[in-house]
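Undergrad: As listed in TrEMBL for this protein:
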DOMAIN    7-122  domain 'Tetrahydrofolate dehydrogenase/cyclohydrolase catalytic'
DOMAIN    141-285  domain 'Tetrahydrofolate dehydrogenase/cyclohydrolase NAD(P)-binding'
BINDING   Gly167, Arg168, Ser169, Ile233  NADP(+) binding site
Amino acid sequence: MTQAQRIDGKAFAAGMTARIAAEVTALRDAAGVEPGLAVVLVGQDPASQVYVGAKHRATVAAGMRSFEHRLPAETSQTVLLDLIGQLNADPNVHGILVQLPLPAHLDASALIAAIDPSKDVDGFHVINAGRLATGQDAMVPCTPLGCLFLLQDHLGDLSGLHAVIVGRSNIVGKPMAQLLLAANCTVTIAHSKSRNLAALCRTADILIAAVGRPEMVRGDWIKPGATVIDVGINRIPDGDGTRLVGDVAFAEAGHAGAITPVPGGVGPMTIACLLQNTLTAFRRKLAAEA
Ligand code: NDP
C-alpha cells in the first residue's frame with residue numbers, strides 16, 4: 001500500500017494560534033484592550049466539558065480574556081436569554097459561544113438567534129449563515145473554516161476540483177459546501193438518503209466526511225490521489241478502554257493523496273478558528289469605533 005500524506009492539523013493550528021497571539025499582543029499594546037470570549041455551558045455533558053475546557057485554555061494562551069459561564073442542567077430558557085442579553089451588551093465580550101448540545105428542554109435555535117450576530121463567533125446565527133450563502137462578510141463556522149484552511153494549505157487553488165461532502169448539518173456540511181463553492185469547487189452534498197454513496201465518493205477530488213459514524217467511509221470509496229478531510233470524532237470500544245476514530249477507515253486510505261488523522265486533524269483547527277473569529281470580531285469592533 002502507498003502512504004497517503006498525513007495532513008497535520010495540530011501543527012497547522014499551533015502556527016495559527018501563535019500568529020493570533022502575536023496579533024493580540026500588538027493590538028493590546030496599541031489599543032490597550034484585548035479580545036474577550038464568553039462561553040456558556042449548560043449541564044454536565046462530558047464531551048462538552050472537555051471542549052469548553054480546551055477552548056478556555058486556548059483563549060487564555062492566546063492572550064485573550066475568557067469568560068466561562070457554567071450553569072446547571074436545569075437552567076431555564078429565560079435565564080439563558082437574560083445572560084445572552086448581558087453578554088451582548090458587555091463591551092469586554094467580543095465573542096459569544098453557547099456550547100451545543102443543550103439539554104432537551106432548551107430551544108437552541110432561539111438562544112442562537114438571541115446572540116448579537118457580530119459576536120456570533122460560532123457562525124450559527126441565521127444572519128451569518130445567510131451572509132455566508134450570499135457571499136458577504138460573515139462569521140464562518142469554525143470547523144468548516146478549519147477544513148478550508150487545511151485544504152488551501154495542502155492543495156493551493158481549489159478551482160474546478162470536485163468536492164463531495166458527506167453530511168448536511170448546519171454546523172459542518174452546509175457551511176462547508178458554501179465555502180468550497182466560494183473557492184470555485186464543484187460541490188456535491190451527500191446525506192443519509194443519497195443513493196450510491198460509495199460511487200459518488202469515488203468521484204471526489206476532495207472528500208469531506210462529516211457524518212458521525214465510525215469508519216463508515218471505506219478505502220474503496222476513495223479515488224486514488226484524493227484529498228480526504230475526516231471531520232468525524234467517534235469514541236469506540238478498544239480492549240478495556242476506548243479510542244477515537246474518524247468517519248473514514250484511515251488504515252484503508254493509503255492510496256489517498258492526503259488525509260487528516262483523527263485525532264490531530266480537524267479537531268485542533270476548530271479551536272484555532274474560534275480564536276481567529278474572536279480576533280476578527282474584536283478587530284471589526286475596533287474599526288467601527290475608530
Ligand atoms: P450531524 O449528526 O448533525 O449530521 C450528520 C450528517 O451525516 C447528516 O447530514 C446525516 O444525514 C449524515 N448521515 C448520517 N448517516 C449517514 C449515512 N449512513 N450515509 C450518509 N450520510 C449520513 O453531525 P455533525 O455535522 O454535527 O457532525 C458530524 C461529525 O463531525 C460527528 O462525528 C461530530 O462529532 C464531528 N464533529 C467534529 C468537529 C471537530 O471539531 N472535529 C466539530 C463538529 C462535529 P441526514 O441529514 O440525512 O440525517
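Cβ coordinates are placed from backbone N, Cα and C, and glycine is handled just like the others.
Whatever TrEMBL says is automated annotation, not expert-curated.
Situate these features within the shown structure.
TA: DSSP places the residues of the domain 'Tetrahydrofolate dehydrogenase/cyclohydrolase NAD(P)-binding' (141-285) in helix, strand and coil in these numbers: 55 helix, 32 strand, 58 coil.
Applying an 8 A CB threshold to same-chain residues 6+ apart, the list for Gly167 (NADP(+) binding site) reads Gly173, Ala190, His191, Ile208, Ala209, Ala210, Val211, Gly212, Val231.
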Undergrad: Give the residue counts of the domain 'Tetrahydrofolate dehydrogenase/cyclohydrolase catalytic' (7-122) per reduced DSSP state, in the order helix, strand, coil.
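TA: Here the numbers are 62 helix, 19 strand, 35 coil.
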Undergrad: Please work out the number of neighbouring Cβ atoms within 10 Å of the Cβ of Arg168 (NADP(+) binding site), leaving out its own Cβ.
TA: 18
Undergrad: Which residues, sitting 6 or more apart from Ile233 (NADP(+) binding site) on the same chain, put a CB under 8 Å from its CB?
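TA: Expected: Leu244, Gly246, Val262, Pro263, Gly267.
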Undergrad: Which residues of the same chain, at least 6 positions away in sequence, have a Cβ lying under 8 Å from the Cβ of Ser169 (NADP(+) binding site)?
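TA: In sequence order, the residues whose Cβ lies under 8 Å from that of Ser169 (NADP(+) binding site) (at least 6 apart) are Ala210.
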